[in-house]
Structures are given as structure tokens and as C-alpha cells.
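Visitor: Handing you a structure now.
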Ligand SMILES: O=C(O)c1cc(=O)[nH]c(=O)n1[C@@H]1O[C@H](COP(=O)(O)O)[C@@H](O)[C@H]1O
């Protein structure tokens, strides 16, 4: 089994990011670079992390008109990401154009409902109905638009997997039993997410803030 853990490298200093990626190499399956990293270090930073030799998940959560998203997607071909995120709520045309503009070997996944949101947060954005139904609706839209899969919490992954057997599913908001939840609200353990069909487990602070990140990653992998 390939290691499904992608370390979310949400660190402000590039040197720290490179050091951390080197430390966990061999204990994770890939590195996720998100908005914090990309805004601070751009393409140069992505190239440096890629040199460590792990697959790169570029989590830029594109959300704009189709033409703009397609242009952005083309602009990141040079970074050769294995996975890229777009917001599923951007609508069918945006999702279709995002996928059409992506490099052949890049998986495009739609972010459904952020794991930092709960039912009340959802209602306050004007969406009626349950978080579960909202995620299922956006999963169906992503599938119909030709995306490779979605990002959702571990609370929905089982239902999504039941509906979309060959989908590629990224699950963040993961916490090993007993670790601090922080700003995440829809949380499960890495093992639960894996058992219910997650393809990729995105884990940040439980590894990056551990005294020994490599050991923390190994300990989580041992639970899978
Ligand atoms: O797209 C994501 O990766 C993402 C989606 C989501 O709904 N929730 C979520 O936490 N993430 C990302 O997953 C990572 C979780 O980090 P930790 O909470 O530190 O494990 C962060 O880099 C988030 O940007």
C-alpha cells in the first residue's frame, strides 16, 4: 500500500519548509503546499520543495470565472503538481474548464465544504439543508463536470465513496485520538477516514508541530 499521508506544509519560512519536507521524506506519501506557502514563496518555493523528491499537491483552491481559472491552471503546468484543488461551488463550467486546462497527469479535485465549518457556519452562508447533503450535491456536480474527485471531511467520505466508487478523495481535518483540534470542526481520525474510502489523508499540525515530525508521521501511518 502506498503511503496515503500528505503533509500540509503550512509554515511561513521556506528554510523550515524544506527542512521539514526532508525530515518526513520516507514517512509520508507527498507534500501539500497551500495558500500560505504559495503566497509567501511562489513558484520558486514549490520547485525547492519538489527537489526533496515527493509528489506535490498544490492546494490553491481556485475559484473564479472559467476563463481565469483555466488560465491559472495552465500557468501551473510547469510546477507539475500531482493534485490541484478548485472550489466545487465555482459551478459546472468553471470545473469543466479547470479540468480541461490541467496537465494530463494532474488530478483536479473539488473542495466541497471546508472542514473548519459546521452546520451553523453553512447556514450563515445562505445554504439550507445539512452539511452532508451539501457535500453530496457538490460531489455529484464535480463528478458530472469530469473532475477526478473531491475534498471533503471524514464525516462524509463514506457516503461520497458509496456514490462514486472510482473517485479520488482527499480528506483533511484529521486528528489522531487525543490531539488538539484547533480551527477544524468536522474532524475524524486518519484511520476512520482511510477505512471509509479516503485516497489521500491531508495532515498538517499533528505532524508539523510535533517534536519529532518523522516519528509523528510514522505513528499515524502505523494506525492505518
Ligand atoms: O483543501 C484542503 O486541503 C483543505 C480543505 C478543507 O476543507 N480543510 C482543510 O483543512 N484543508 C487543508 O488541510 C490542511 C489541514 O491542516 P491541519 O489542520 O494542520 O491538519 C490545511 O493545509 C488546510 O488548508
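Cβ coordinates are placed from backbone N, Cα and C, and glycine is handled just like the others.
As annotated by TrEMBL, active site, for OMPdecase activity applies to 59, 61, 64. The active site, proton donor annotation in TrEMBL covers 61. Residues or ranges marked as substrate binding site by TrEMBL: 10, 32, 59-68, 115, 175, 184, 204-205. Per TrEMBL, the feature domain 'Orotidine 5'-phosphate decarboxylase' maps to 4-220.
Burial and contacts for the listed features, if you can.
Guide: All chains included, 26 other C-beta atoms sit within 10 angstroms of the C-beta of residue 59 (active site, for OMPdecase activity). Taken residue by residue with DSSP, residue 59 (active site, for OMPdecase activity) is part of a strand.
For residue 61 (active site, proton donor), applying a Cβ distance below 8 Å and a minimum sequence separation of six or more within one chain yields 34, 35, 85, 86, 87, 111.
Neighbours of residue 64 (active site, for OMPdecase activity), defined as other CB atoms within 10 A of its CB across all chains, total 15.
Cβ neighbour count for residue 115 (substrate binding site): 24 (other Cβ atoms within 10 Å of its Cβ, all protein chains included).
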Visitor: Go through the binding-site residues 10, 60, 115, 204 and pull out the ones with a Cβ less than 6 angstroms from some atom of ligand 1.
Guide: 10, 115, 204
Visitor: Nearest by CA distance to residue 64 (active site, for OMPdecase activity): which of the binding-site residues is it, out of 10, 115, 204?
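Guide: Closest by Cα: 115.
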Visitor: Where does residue 66 (substrate binding site) sit in the DSSP three-state scheme?
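Guide: In the DSSP reduction, residue 66 (substrate binding site) maps to helix.
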Visitor: How far is it from residue 204 (substrate binding site) to residue 59 (active site, for OMPdecase activity), counting Cα to Cα, in Å?
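Guide: Cα to Cα, residue 204 (substrate binding site) and residue 59 (active site, for OMPdecase activity) are separated by 13 Å.
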